[in-house]
Amino acid sequence: MENFEIWVEKYRPRTLDEVVGQDEVIQRLKGYVERKNIPHLLFSGPPGTGKTATAIALARDLFGENWRDNFIEMNASDERGIDVVRHKIKEFARTAPIGGAPFKIIFLDEADALTADAQAALRRTMEMYSKSCRFILSCNYVSRIIEPIQSRCAVFRFKPVPKEAMKKRLLEICEKEGVKITEDGLEALIYISGGDFRKAINALQGAAAIGEVVDADTIYQITATARPEEMTELIQTALKGNFMEARELLDRLMVEYGMSGEDIVAQLFREIISMPIKDSLKVQLIDKLGEVDFRLTEGANERIQLDAYLAYLSTLAKK
């Protein structure tokens, strides 16, 4: 790499046509662009699926080169209280659009972080300035947005970026950056991302910085992620009743990859879901794993909790 530009920003979509893996959403938004008008919008979905990129691309397509004059981005998780609505949002909303634009756009990222009082104030602001201003709200969980706001918005649900769409775009980035990537390295990127395109690009840039060829080993190492087959082996070993052997495998994963207890739990969950075992057994394993996850969030010792989980799996072999 010859420069220090962040690839996530360098390859951020500049138009709606460049947004990856959200075809249905983009098709609907293009209709608004053609009519040169949009309602209030609510984008919901997991991180890294293109919500922010889509909002900015929409503003570019609507307003052209001077889009920045009539677009402001705020992050609600930084300022959760009602003051951000009373001051910053109102201050921008009450000024007239610039350069002949029909309205201005306020993009509020992570809107589900706003308190209930702040959301109620936001709803009133949306009504008050609806003639000169449109709001685009972004959230991970639409259930955390109060119903009066939901009812005033067109809701767009962003899904994890599909594997093939992500693979195609990652290969394009590799070609432009002169990065050599193996097939297993590409598959590893897809796996660790979990549909989060931002995470995949960041991992690719990190891997490209430390080696001439990006392969699976590099990806798993820099992202502190175990290979799927290693995690499956851990589960199967414990289910066979080999507790001490499973414990040694856990030791190796935590030391080799530097994984935290939360990392282990998240990956165990992912592998259990995809394992070819009876649904009734999956229910048992996931139910118990949920208890471990809860205890970890409460501050319990991660090693004791993970050992206890492996011990539980080992007891199932005797039933």
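Using the three backbone atoms N, Cα and C, a Cβ is placed for every residue, glycine included.
Over in Swiss-Prot, the protein carries these features:
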- Gly45, Pro46, Pro47, Gly48, Thr49, Gly50, Lys51, Thr52: ATP binding site (BINDING)
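Most Cβ neighbours within 10 Å, among the binding-site residues Pro47, Gly50: Gly50 holds that distinction in the structure as shown.
Other than Gly45, Pro46, Pro47, Gly48, Thr49, Gly50, Lys51, Thr52, the residues of this chain whose Cβ falls within 8 Å of the Cβ centroid of the ATP site are, in sequence order, Phe43, Ser138, Phe158, Asp196, Phe197, Arg198.
Non-local contacts of Thr49 (ATP binding site) by the CB criterion (under 8 A, 6+ apart in sequence, same chain) comprise Gly21, Gln22, Phe158, Lys159, Pro160, Val161, Gly195, Asp196, Phe197. The DSSP secondary structure for Gly48 (ATP binding site) is coil. With respect to Cβ neighbours within 10 Å, the binding-site residues Gly45, Pro46 differ, and Pro46 shows the lowest count. Spatially close to Gly48 (ATP binding site) yet at least six residues away along the chain are Val161, Ser193, Gly195, Asp196, Phe197, Arg198, Lys199, Ala200, judged by Cβ distances under 8 angstroms.
Around Lys51 (ATP binding site), a 10 Å sphere centred on its CB holds 24 further CB atoms from the protein chains shown. When other Cβ atoms within 10 Å of the Cβ of Thr52 (ATP binding site) are tallied across all protein chains shown, the result is 20.
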